[in-house]
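Chemist: Relevant sequence annotations retrieved from Swiss-Prot are reproduced here:
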type	residues	note
BINDING	PHE8, SER9, GLY10, GLY11, GLN12, ASP13, SER14, THR15, THR16, CYS17, LEU18	ATP binding site
BINDING	CYS188, CYS197, CYS200, CYS203	Zn(2+) binding site
Amino acid sequence: MKRAVVVFSGGQDSTTCLAQARHQYDEVHCVTFDYGQRHRAEIDVARALALKLGARAHKVLDVTLLNELAVSSLTRDSIPVPDYEPNADGIPNTFVPGRNILFLTLAAIYAYQVKAEAVITGVCETDFSGYPDCRDEFVKALNHAVNLGMAKDIRFETPLMWIDKAETWALADYWGQLELVREETLTCYNGIKGDGCGHCAACNLRANGLNHYLSNKAAVMAAMKQKTGLR
């Protein structure tokens, strides 16, 4: 039996990954992390979506220690989430240091226990927003280290790594989940479901991607299929 574990936040990217995994694996588990995040409403959204999309199990893990160590606008109410700035340089204050290091490592430990062959994460280098832990180089390096440390061959899969946000919408549509992703996921840094606050960087990427996809469906779908190998 083919099993996979999805690092699942209930946002656009991880929900699209879950929708695809349900078609590609016999059994899919979801792992969601409570780190005291500002947008903590995502945990309840993730619970509902994991159930709706047929995950075999859904674990919510308490990693609030990360909140104590990592200072970010997503872990401190005293630090405002900035509005989207198209020409911003450097790492944004929404970056949570160590988050994906911790999430992927814990998901791999869970995968070890349930005998899953893959850990799936929705990180993306095309629209990575300046986060160093969303890069392909990082994911591959951590995958190698985790496998060495557990003497196990668990594969870190990144289905969205080389597609942009419009193509991510196309992928959700390909699996018949466009409206669910649009209406029921939570991507917004301010914790607003669906189309979100409309001001933060996450909402801007999501909205621009959707608008581009809806305006150029055939071309974007074709590009997505070419990049992912789907037919």
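Quick reminder: no glycine exception, Cβ is built from N, Cα and C everywhere.
So where do these features actually land, and what's packed around them?
Modeler: Taking Cβ-Cβ distances under 8 Å and a sequence gap of 6 or more within the same chain, the neighbours of SER14 (ATP binding site) are VAL6, VAL7, PHE8, ALA46, THR121, GLY122.
CYS188 (Zn(2+) binding site) falls outside any helix or strand according to DSSP and counts as coil.
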Chemist: So which other residues, same chain and not among PHE8, SER9, GLY10, GLY11, GLN12, ASP13, SER14, THR15, THR16, CYS17, LEU18, have a Cβ within 8 Å of the centroid of the Cβ atoms at the ATP site?
Modeler: VAL6, ALA46, LEU49, GLY122, THR185
Chemist: Using the recorded Zn(2+) site (CYS188, CYS197, CYS200, CYS203) as reference, state which further residues of the same chain have their Cβ within 8 Å of the centre of those residues' Cβ atoms, listed in sequence order.
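Modeler: Sorted by sequence, the hits are VAL81, THR187, TYR189, ASN190, ILE192, GLY196, GLY198, HIS199, ALA201, ALA202, ASN204.
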Chemist: Roughly how many angstrom lie between the C-alpha atoms of CYS203 (Zn(2+) binding site) and GLN12 (ATP binding site)?
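Modeler: Roughly 10 Å, rounded to the nearest whole number.
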